[in-house]
Each structure stands twice: as structure tokens, then as C-alpha cells.
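J.: Handing you a structure now.
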């Protein structure tokens, strides 16, 4: 079992943690998040970005992690970036907790996401269905108010 954690923070009040667990290279990865400080009753895009570089805030993280050179999509789509985690949904207090299992995201092997950045975006991810070029790259998920680097944990 490999475990990793990402603590997100930024220039906004959005903070939280995301935990990853994977049993083996062929197994799906369990992703659990607890994030607060977002707008109430909102959907906010959450993606794994290519670089673990936050030198200039979340903008240094680069594009979505996309080792297969696909277009942006929903987590359940076969044509999607590895880093496309879709939207988190917030409650009346702007908090979001949840768990998903993802067979594209890996902690083990050559496409490991350890050392890459998770960005919690300021807008809703249109899941690549926005009928424009930017939708196919970013899902039009907007600014990057909070992020953190995924690190191995015990």
C-alpha cells in the first residue's frame, strides 16, 4: 500500500487536505478530501497539474497532468487527462468532504502523481463539454486560489 497526502492552501481562504491510497500499480487509487473556505453550495474544479512547483503560487504548477495527450474530460470519461478529478461540491458553509476511486490516477509506476500539484480552482469545471477550445484544455475551471504538492506519506 502506498499513501500520499496533499495539503492545499493559497492566496485565498481555501484550505484542506487530500489523501491518496493505492494497493498496487494495477489497482485504482482511493482519493479522499476535506476542503473548506470555498463559496457555499458551489462546484469547484479540482485537478492534478503537471509540476510540483509552486514558486509563483499555483500558476507554476503548469497544465493538467496529461501523459497520454488527451483532451479534458470528466473523471468517468475514457478520453480525459489523468489529472481530471472533476468538481468537488460544497455545502452551505463552503466545505467539501468526499471520496472517489480513480483507475487513471496512480501513486505507483511511471505515471505516479507523487510530486505533482493539486489545484482547487475558483470556478466550476465544465468537464470538457463547454464547446470551446479552452474547455478541452482546462474545463474553464477558472483561477487557482489554492494548491499543494502531493507528497508520499506513511
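The backbone N, Cα and C atoms fix where each Cβ goes, glycine too.
Swiss-Prot feature annotations, pasted as is:
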type     : residues        : note
BINDING  : 47, 49, 64, 121 : Cu cation binding site
BINDING  : 64, 72, 81, 84  : Zn(2+) binding site
BINDING  : 144             : substrate binding site
COMPBIAS : 124-136         : compositional bias 'Basic and acidic residues'
DISULFID : 58-147          : disulfide bond
REGION   : 124-144         : region 'Disordered'
J.: Determine, using Cα-Cα distances only, which of these recorded positions is closest to residue 144 (substrate binding site): 47, 49, 58, 64.
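T.: Closest by Cα distance to residue 144 (substrate binding site) among the recorded positions 47, 49, 58, 64: 58.
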J.: Write down the Cα-Cα distance for residue 81 (Zn(2+) binding site) and residue 47 (Cu cation binding site), rounded and given in Å.
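T.: That comes out at 9 Å between the alpha carbons.
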J.: Rounded to a whole number, how many Å is the Cα of residue 72 (Zn(2+) binding site) away from the Cα of residue 64 (Cu cation binding site)?
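T.: That comes out at 9 Å between the alpha carbons.
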J.: Filter the recorded positions 81, 84, 147 down to those whose C-alpha lies within 10 angstroms of the C-alpha of residue 121 (Cu cation binding site); answer none if the list is empty.
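T.: For residue 121 (Cu cation binding site), the recorded positions whose Cα atoms are within 10 Å come to 147.
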J.: Tell me the Cβ contacts of residue 64 (Cu cation binding site) under 8 Å, same chain only and six or more apart in sequence, or just say none.
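T.: Within the chain, residue 64 (Cu cation binding site) has Cβ neighbours under 8 Å at 47, 48, 49, 50, 72, 81, 82, 83, 84, 137, 138.
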J.: What number of additional C-beta atoms lies within 10 angstroms of the C-beta atom of residue 147 (disulfide bond)?
T.: 26
J.: Can you tell me how many other Cβ atoms are located within 10 Å of the Cβ belonging to residue 49 (Cu cation binding site)?
T.: 26
J.: Using a 10 Å cut-off on Cβ-Cβ distances across all protein chains shown, tell me which of the binding-site residues (121, 144) has the largest neighbour count.
T.: 121
